[in-house]
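A quick write-up on the structure given underneath.
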Amino acid sequence: MRGCLQLARWLSAAPTRPAASHWPGLCAAPRFFSHSAILRASARTARAAASKPPSDLESRIAAIPIERYRNFCIVAHVDHGKSTLSDRLLELTGTIEPGTNKQVLDKLDVERERGITVKAQTCTMIYNHNGEDYLLHLVDTPGHVDFRAEVSRSYASCGGALLLVDASQGVQAQTVANFYLAFAQGLELIPVINKVDLPSAEPERALEQMKQSFELDTENAVMVSAKSGLNVEKLLPTVVDKIPAPIGDCKKPLRMLLVDSWYDSYKGVICLVRVFDGEIRAGDQLVSFATGIKYYVGEVGIMYPNETPQTVIRAGQVGYIFFNPGMKRSKEAKIGDTYTKVGSEKAVEPLPGFEEPKAMVFVAAYPVDADHFEHLEDSINQLMLNDRSITVQKESSEALGAGFRLGFLGTLHCSVFEDRLRQEHGASIIITPPSVPVKVLWKDGREEIVTSPAKFPDEDELRSKVAEIKEPYVLATLTFPDEYLGKVIELCESNRGVQQSLEYFTSTQVILKYELPMAQLVDDFFGKLKGSTKGYASLDYEESAWQTSNIVKLQLLVNKAPVDAVARIVHYSQIERLGRKWVTKFKEHVDRQLFEVVIQAAVGRKVIARETVKPYRKDVLAKLHASDVSRRRKLLEKQKEGRKRLRAVGNVVIEHKAFQAFLSK
């Protein structure tokens with residue numbers, strides 16, 4: 001009561017009509033804003049943010065002409081020290097504090113866990129050389145063949161590259177592959193020998209290999225130790241002198257290439273861009289050449305090494321932008337797309353973009369809990385924003401429910417994606433073993449690429465309608481010490497390989513080229529190769545051709561009913577080994593039933609291997625007198641008939657966790 005009286009006195013003392021300047025929402029009629037009004041308000045907010053006084057960093061960047069820009073990347077084989085060298089360069093230019101840094105540009109959890117670079121990461125640095133500031137843009141690229149699409153995209157924003165070689169290991173397979181990729185893009189290459197302070201280092205041998213393999217001028221080569229920082233200070237003057245400045249004009253209409261994108265839970269889709277002409281500020285209205293959709297820029301900035309807002313990004317620079325309002329769908333951010341300002345569409349020629357890599361390894365992914373399907377779909381879409389080389393199709397399985405058919409560039413690519421799903425999105429998934437696509441040539445002239453066992457022709461169609469089936473082959477390049485030559489040749493031959501060439505590029509190092517089926521390559525070929533050579537071999541591969549092959553569908557049957565989640569497309573020579581492995585492993589995870597459970601591996605009507613799970617046996621003779629033989633026989637016959645009837649009508653109950661355990665490695 002006392003509270004009500006106090007409230008009444010407060011209301012009577014308050015003004016009867018609030019001042020319009022203080023309470024616009026109470027005195028005026030409700031206002032409804034149109035979408036265009038919201039966009040204009042967002043643009044005004046962005047322009048207000050852009051009009052703030054520039055920071056010291058911005059002032060230094062603004063004073064640097066495009067002639068003093070240098071865009072470069074570091075390319076090398078896996079584990080030759082790219083990320084560690086990047087750390088030293090960032091410390092040398094004052095971008096990060098020295099001493100406590102370890103792979104600053106490896107930002108993903110999976111990269112730090114595995115010690116490999118998965119995503120190409122960028123960073124802007126300012127370097128003072130001979131009294132003048134230079135704007136350096138560094139890209140740390142992956143070394144593994146599965147992430148070559150990342151490397152080739154990085155080259156589009158660079159004018160040169162540091163070709164890094166480990167002094168103790170020398171030139172290896174992916175060094176060769178990355179060199180030819182950079183050479184084809186016309187990049188200026190600077191040879192760098194790393195890890196020269198190791199006891200096993202042979203820098204002169206590594207230099208000689210680079211000279212013989214690539215015909216590079218090694219007089220300008222720099223000998224460094226990225227770990228200790230030895231001679232790293234000699235690298236940047238070489239970069240400034242040897243790598244050309246980017247070509248661009250700030251006065252021309254904006255022409256900007258989308259190089260990469262990722263998702264931020266607060267800002268939405270963030271785009272990494274390379275500006276070729278013109279300049280871009282917050283508040284500008286842009287249009288995409290690929291989709292025709294228009295956006296207002298919410299913020300622009302550079303990676304220094306993290307997102308650092310700026311007033312403007314000019315021609316020749318690489319930076320990030322995000323839109324306000326953001327993109328409605330993540331698929332709007334198309335890698336390789338060209339953007340310009342609204343009104344300049346006719347004056348600007350779109351850039352050629354990137355060639356999309358083809359997925360060559362396919363797996364099926366299902367949520368462990370069927371209720372988490374939508375969460376898994378959202379997680380996959382967000383990761384695809386950051387990795388456009390993945391292909392996705394929805395599919396369903398009777399055993400595992402709704403899921404996805406995912407396509408990857410290789411087995412490591414698949415494994416890293418699975419780790420990122422679990423770590424970054426908390427998604428629990430079941431992944432089927434990797435398989436490769438096959439090409440079916442029908443007798444009526446049609447060609448069909450089959451990526452899922454469910455779409456593979458059945459036995460009757462194979463006989464009557466299919467002309468031939470082809471599988472993809474790759475040209476694999478293997479480098480290793482010559483003492484392991486016999487073991488490596490034996491491994492390649494046992495995996496249906498055909499030798500193409502054998503050469504020595506030093507007295508002890510061999511380059512061996514084999515044509516191998518892609519299906520054998522994804523079946524842990526690299527692990528077997530490392531085992532045969534005590535870890536000294538390196539592997540690189542490129543697509544070769546489709547070749548006619550004896551391909552069949554291997555199925556797992558439980559009481560003659562096929563289990564669709566386990567079916568695989570394999571070569572005929574593999575069916576016996578794989579079939580026996582399947583039935584033995586699956587038997588371990590199937591619970592005993594009241595009737596006999598028969599597990600078979602079959603190709604069409606032909607059974608390859610079989611295991612039986614014995615039923616529970618009820619003791620029907622427990623209460624019977626030992627001497628009553630006829631009664632004993634009658635009870636056993638009745639039990640036998642009951643089992644037959646149960647086997648005929650009973651369904652085998654296989655727990656979801658049984659599939660999860662079977663499909664896990």
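Cβ coordinates come from backbone N, Cα and C, glycine included.
If you check Swiss-Prot, you get these features:
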- 76-83, 140-144, 194-197: GTP binding site (BINDING)
- 67-247: domain 'tr-type G' (DOMAIN)
- 1-40: transit peptide (TRANSIT)
Using DSSP and three states only, what is VAL196 (GTP binding site)?
coil
Please name the residue among the binding-site residues THR141, VAL196 whose C-beta has the most neighbouring C-beta atoms within 10 angstroms.
THR141
Including all protein chains displayed, how many Cβ atoms other than that of ALA76 (GTP binding site) lie within 10 Å of its Cβ?
26
Which number gives the other C-beta atoms within 10 angstroms of the C-beta of LYS82 (GTP binding site), all protein chains shown included?
26
